[in-house]
Amino acid sequence: MPPGQGDIKMAGRVVIASAVRTPFTRAHKGEFKDTRPDTLAAVAIKEAVAQVPGLKPEDIGDVVLGCAMPEAEQGMNVARVATLLAGLPVTVPAMTINRFCSSGSQAIAQVAQAIQAGMYDVGIGGGTESMTMVPMGGNKASANPEAMERLPEIYTSMGATAENIASRYGVSREDSDKFAAESQRRAATAREQGKFKEEIVPVTTTYYDDDGVAQNVTVTVDTILRPETTQEGLAKLRPAFNPKGVVTAGNASPLTDGAAAAVVMSEAKAKELGVKPLGYFIDAAVAGVPPEIMGIGPVPAVRKLLEKNKLKVEDIDVFELNEAFGAQALYCVRELGIPADKVNPNGGAIALGHPLGVSGARMVATILRELKRRNGRYGVVSMCIGGGMGFAALIEAPK
């Protein structure tokens, strides 16, 4: 089948040799609020490489990191800075890419695509984001005047897009809160059971408390979770964007700091090094949707991906679908007809957080381990994208 517009066409699968991430902490309040995003990315890159025995750093063909707001502390080609901070040779190049919320998974897809094209045999894909240091929209947002006049929907706030979906497609406040509470419950259970342990690399850092006193800590788990969350408690929160709306601080993803990285290589290189694959990156697809309802993006992206690979929803064992907002995620799950137990079984971004340029790479790391636990074959990672897009990637577990 010929690729559609916006598809990422790949010749076949490539090996994911390692996939790790930092813990996720709450922006402005968490343990990483005073830690730079390039420093966090360096930790993830260093560990991803260390987990691949026999890999010579000088053989890495490129490092590609996603970042949704690549300026200030995460500007200056943050991927290059992080690569050198991680101790990789100066001969290893790096670049930063941006497709907003899909940036981390897009980076992995781009590395996989380059490997399939024969540009190099080994690369690193991932993402980094400090939503403490660089706010959503950047430090100096500047809308195009012509676009504001002719296409103002381009600049619709993310919360407003979720409200648009809720009102247009009939997603209730009650259902959004129920979905959010379940995300928190699943994430808390997964953390208690150690399900994130393999994907998380501990980070030792320093932050300053409310009194300005330095606190030296080693963060080993996601501290952003709110396991005490209940649907009844969520129902008491005020809507954040529309007085009569459904989106609240409790049923939307929180601002988050974190980083992630994955080593991707050709099957030939993996065999040469004796690497046991975590999984395979098979294919990816992107799709465009109206910006004012950008949250529906996963629906056409997933459909395009499955159609290209002659698969159906029932062929997929696990879906990692980014929970930017409960209302939009719930709409996508319903519209795609995905059974609830196959979607975000270990919780999603409402609980785990959503560092914009990182989440896609985090979801790849998470789904690889979940496929192994389920003895499954296929997993799909998908998310909506600001500006009106959706991304979906197909992951296969090793036999």
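Placement of Cβ uses the backbone N, Cα and C atoms for every residue, glycine included.
Features of the protein shown, as given by TrEMBL:
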ACT_SITE  C101  active site, acyl-thioester intermediate
ACT_SITE  H354  active site, proton acceptor
ACT_SITE  C384  active site, proton acceptor
DOMAIN    14-267  domain 'Thiolase N-terminal'
DOMAIN    276-396  domain 'Thiolase C-terminal'
In the domain 'Thiolase C-terminal' (276-396), how many residues does DSSP assign to helix, to strand and to coil?
54 helix, 32 strand, 35 coil
Hey, what's the Cβ neighbour count for C384 (active site, proton acceptor) at 10 Å?
33
Chain-internal residues, separated by at least six, CB under 8 A from H354 (active site, proton acceptor):
C101, S253, P254, L255, T256, N322, E323, A324
What is the total of other Cβ atoms whose distance to the Cβ of the residue listed as 'active site, acyl-thioester intermediate' is within 10 Å?
32
